[in-house]
Every structure is written in structure tokens, then in C-alpha cells.
Amino acid sequence: MRFVDEAVIKAISGNGGHGCVSFRREKFIPRGGPDGGDGGNGGNVVFKASTRLLSLYDFRLKRVYQAENGRPGQGSQMHGRGGKDLVVEMPVGTLVFERGENGAESLIADLSEPDVEVVIAHGGRGGKGNEHFKSSTMQAPRFSQPGEPGEEKSLRLELKILADAGLLGLPNAGKSTFISQVSAAKPKIAAYPFTTLVPNLGVMMDEFDPDRRMVIADIPGLIEGAHEGQGLGHRFLKHVERTRFLVHILSIEDVDMENPWAGFDLINDELQRFDETLGSREQIQVVNKIDLLPPEEVDGLRARAEADGRRIFFISALEGEGLDAVVSEMWRMLAELDRNVPLDSSRQIEPEPEEEFDVEVVWVRE
């Protein structure tokens, strides 16, 4: 499927129907009083979070969403029908920003939970018929109130994947191999950097409780300067902003005995520069590909980690060694941590990119 995480659209609510100018005309009542009905209210534009959608691709194809106008009032005090609301489904995790005339943006909706509905543009109010304007001094008003126009809003949509755990690290750290081992996701895997070019999602199931599951996001490899957009880092980092915790994977090939944990520190510095709240997110640190070193050298790294006061898991995702301990720790953190992390909406918003990406999202079948 086509994965798009940003789009610009317009939402236009319905206009209110005009009030009616009418007078009662019946047999033997040639000069009845005013009986013009009210116009109907315009329809609202409503955004609804849906688990059916995983991308904003549809909003690149259709960019204008308009609700129905209210119908005008009629004689005999008949009110016009209200316009139907337009309900637009959005992927769960979509942020809706309103764009002002000066280019400034403000967050108006956060569709972070399934089935949440938010009225984005309110329909115009219907006008009153001339029966409302009758008085002792004006018994035959020949005017009515026009309906109010609807709202028109220019919106930018931004999708942030809602995952429980986010995998991150330097390129070629083995994140895709890890997610393929612990979930049903089947990302592209090869022995060269930047194999993963778009986020992959996997779902890890509890073997003892089928209803217990964990959504994992495999984020493409990050490089130095990612917070400034190097290697499209700013496009990828936003997808881990809402995770409960991070699984930080470092390849043993990137471990230097003089400063073995420099790879962890580099990525953590990028997280801190991108968003301070993300930089302080709980994380599990993992050294992968221990099958490439003799066991005694791996034991030396374990001792070094303990001496440095770091809790680091040593694994071989390819051979499955050490995965059980990491998975157990992930389940523990899932139970203890909340996903509702603060949103830093003050960070400068990047302009909408023109490129699109392909991504395969695989879910476990029950």
C-alpha cells in the first residue's frame, strides 16, 4: 500500500438555509399573517479516527471535503431540512492543524484514540423566517433572515504512527531482523545500510494470552544530524513520539572498545535535540549481532556495561539468542508505561513533502 504521512486539504461546512418570506393565504383569509419557516442549519464536517486506515494517501487524491447546505424555509411555517454532516474517517494518530492566512498553524484536533469524533468545521445557522419579525408595529414583515455561511478551513494533516514500542538505532543495526523475529512483520532485510526506507509495523502476540498484543514500529536508521532532517530524520523521528518506550538497538560492529556506547549516545543526543520529551523517554538498550564476536569478547562487553552502570541486553537477532529476555522486558514496560505522552506542538512544522513512499504493514492474523 502507499504510505503517506502528511497531506493538505480543505474542509467546508454547509451554509445555513435562508428564512422564508410567506403569508398565510386561505379561503376567506386573504390577508393572513406571516408564516415563513426557518432555514435549516448547514452540515458539519466531522473527522473520525478509524483503525481501517493506515495512511493519508486518500487525502492526496481528494483534497476538498464539503458538507451539505441547509435547505431554505417554506410557507406554512415549514422549516428547511438541515444539511447532512460529512463524516471523514482518518487514521488513528492523525493530528489536524489549521493553517492561517499568514501561514501560521495551530493544532485543532488530535485523533489519538479509535472512534474519536471531532467537529472540524461547524455548519452555518439557518436564517429565521418572517414570522419571527411580526410585531405590533409591523404585522406584515416582508423580509427574513438569510442563512449564515459555513466555515472554510485550510488544514494540514500529519500522521504519527501509534505504536507501543519504537525501534531505533543507526543504519544496519539489525532492527528489521529483530522485528521479524518477535512479530509477524516481514520487512526487507539485507546487509547494507538504509534497507528500511519507511516505517514498518509489527504486532507481537503474547503466547499465553492471545488478546494481549504489542504494536512495534521499526523506524528507518538514523544518522548524525537527524534532528535537522539529515537522512530524512525529521520525517522518521515523529513516528516514535507517541510510543510508550523505545528499544534502542546498536550493532556490535559499531562498538568501539575505547567508547563502546558512543552509538547509543549519538542517537540519544539526536532525540534530545529533536524533542526534549522524546530524549527522556524510557528505553531498552540492546547490542545486536553478538554472533560476530567470540564469546569471551562479548563477556568483556557485558562486564564493561555493568561497570559503566548501564543495563544492556546482548542478543543475536539472527540466531534468536537473548531475545526472550528483551521480549520479557518489553512486556514489563508495556504494562507500566502510558502512551499518552506530551505533544510538542511548538516545534516548527515542516512543509508538506511531495514524495510518497511504499510501505508494507503486516498484522498478525487471529
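Each Cβ is built from the backbone N, Cα and C atoms, and glycine gets one as well.
In Swiss-Prot this protein carries:
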BINDING   169-176, 194-198, 218-221, 288-291, 316-318  GTP binding site
BINDING   Ser176, Thr196  Mg(2+) binding site
DOMAIN    1-162  domain 'Obg'
DOMAIN    163-335  domain 'OBG-type G'
REGION    125-150  region 'Disordered'
Between Ser176 (Mg(2+) binding site) and Ser316 (GTP binding site): CA-CA distance (Å): 13
Ser316 (GTP binding site) in three-state DSSP notation: strand
Entry from the binding-site residues list Ser176, Ser316 having the most other CB atoms no farther than 10 A: Ser176
Secondary structure content of the region 'Disordered' (125-150), with strand meaning DSSP E or B: 4 helix, 0 strand, 22 coil
Cβ packing number for Gly169 (GTP binding site), 10 Å threshold: 26
Whole-number Å value for how far Pro220 (GTP binding site) lies from Ser176 (Mg(2+) binding site) (Cα to Cα): 9
Within the predicted model, mean pLDDT of the domain 'Obg' (1-162): 89
